[in-house]
Amino acid sequence: MSELKYQAGFGNQHSSEAVPGALPLGRNSPQRVPLGLYAELLSGAAFTAPRVENLRSWLYRRQPSVVVGGYQPLDHAFLKTGAAQAQLSPPDPLRWAPTAIPEQPTDFVQGLRTLVVNGDPDAHTGMAAHLYLANRSMERSAFINADGELLIVPQQGSLRLTTELGRLDVRPGEICVVPRGMAFKVAVDGPSRGYVCENYGAALRLPELGPIGSNGLANARDFLAPVACFEAEPGAYEIIKKFGGQLWRAAQAHSPFNVVAWHGNLTPYKYDTANFMTIGSISFDHPDPSIFTVLTSPSDTPGWANVDFVIFPPRWMVAEDSFRPPWYHRNVMSEFMGLVLGQYDAKPEGFKPGGASLHNAFVPHGPDAEAFAKASSAELKPHKLDNTLAFMFETRWRLQPTAFALQGGSLEANYAACWQGLNDSFPA
Ligand SMILES: O=C(O)Cc1cc(O)ccc1O
Ligand SMILES: [Fe+2]
């Protein structure tokens, strides 16, 4: 596949045209758009949202999105939405082994498997964590999620996303975000697995940096938006829409990827986690993991995120007289974790790439007995944690597992046993 072009910068007012002269200049909606195109506004924020949070793009397309047939419900046994469609969560730590990619033909949408959910998309609160398991590209089929924005974290296999605004290639180690309401399809290059955070709340953005200053963590210039690109082949399309916790399907006589030019700041984007500038302790103690926040979706209580996307990338550990892995803790926030590659320092053996864990509100967790023993006796010389990428979707609302999560076959029977070796060493 040819190398794609991108436009750099988080939240920029980008503009792009696939055909010279297609983009109107000086106004958004001229009486006649060049080349017979239709102007269409896609609003990802209320018109009156504050300027810094306002998200919208103008699309210039061969036919407007309203040219589509009627929608019929489409069943999906494993895709769940909001707390209402989940099960009661036991207050135990939960962990899932990697789920196998099916043998039968499965595309990205068919391969979605919801593990945990909270909130309610109609209240613009909460999130879902899904796995995707796919071995087939979406060809003449497009997906639109009206319930939430999608943060995609590939774990195995590279994806090519075709979106209304252009294409993105995303491989393990990179992530991408598709705005709520934007049509896209996913092509795979073989058996593919990864994680998806469906964010029902405020759009993801870069976290504030406070005393860190004006640089660091995920730098804005490393976020890449696509350039305009449209499909010229005639022929019908299936449009699948997630709308109110239900999939719907409609037929359309033409490709929805018919945008010849666009401008605006509501765009899909990708980010290579290798560009994340990590900050850590250069004296003592293990800092809070918020130093690894890539993107955050705030709730209406300052600091209490609807979702934080946090990564644990390769980094140096140098702290003196310190227990270097995460501390034992209980957290009002709920922590869903995945592993893209390598080992996670708190669970070096038990947590596998493609697996997942849930440490819900106030559920105690921390390094397993093996990690504790190693870290409490290791020589504290500078040590590089390398070939590793774990991540966390952290949310202020308790996450509830789905029936698939509890009964789908990947749930570990006795995850909590990994802490049973933490003996009482107090001198009697
Ligand atoms: O539970 C976890 O493994 C995630 C985590 C990592 C860390 O470095 C500190 C706290 C925390 O919750
Ligand atoms: Fe934790």
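Placement of Cβ uses the backbone N, Cα and C atoms for every residue, glycine included.
Automated prediction, rather than curation, is the source of TrEMBL annotations.
Per TrEMBL, these features apply:
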ACT_SITE  HIS286  active site, proton acceptor
BINDING   HIS329, GLU335, HIS365  Fe cation binding site
BINDING   TYR344, HIS365  homogentisate binding site
DOMAIN    5-272  domain 'Homogentisate 1,2-dioxygenase N-terminal'
DOMAIN    275-426  domain 'Homogentisate 1,2-dioxygenase C-terminal'
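Feature map: annotations from TrEMBL on the structure.
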| residue | record | DSSP (3 states) |
| --- | --- | --- |
| HIS286 | active site, proton acceptor | coil |
| HIS329 | Fe cation binding site | strand |
| GLU335 | Fe cation binding site | strand |
| TYR344 | homogentisate binding site | strand |
| HIS365 | Fe cation binding site | strand |
Note = Note: among recorded positions HIS286, HIS329, least Cβ-dense neighbourhood at 10 Å is HIS329
Other CB atoms, at most 10 A from the CB of GLU335 (Fe cation binding site) = 22
Remark   = Expected list for ligand 2 (Cβ under 6 angstroms, recorded positions HIS286, GLU335, TYR344) reads GLU335
C-alpha spacing of TYR344 (homogentisate binding site) relative to GLU335 (Fe cation binding site), in angstrom = 15
Ask   = Can you count the other CB atoms that lie within 10 A of the CB of HIS365 (Fe cation binding site)?
value = 24
Inquiry  = I want the residues beyond HIS329, GLU335, HIS365 whose C-beta is within 8 angstroms of the mean position of the Fe cation site's C-beta atoms, in chain order.
reply    = PRO326, ARG330, ASN331, HIS359, VAL363, PRO364, GLY366
Task = Across the whole of the domain 'Homogentisate 1,2-dioxygenase N-terminal' (5-272), what does the mean pLDDT come to? Round it, please.
result = 98
Query = In sequence order, which same-chain residues at least six apart have a C-beta under 8 angstroms from TYR344 (homogentisate binding site)?
reply = PHE312, MET337, PHE351, THR388, ALA390
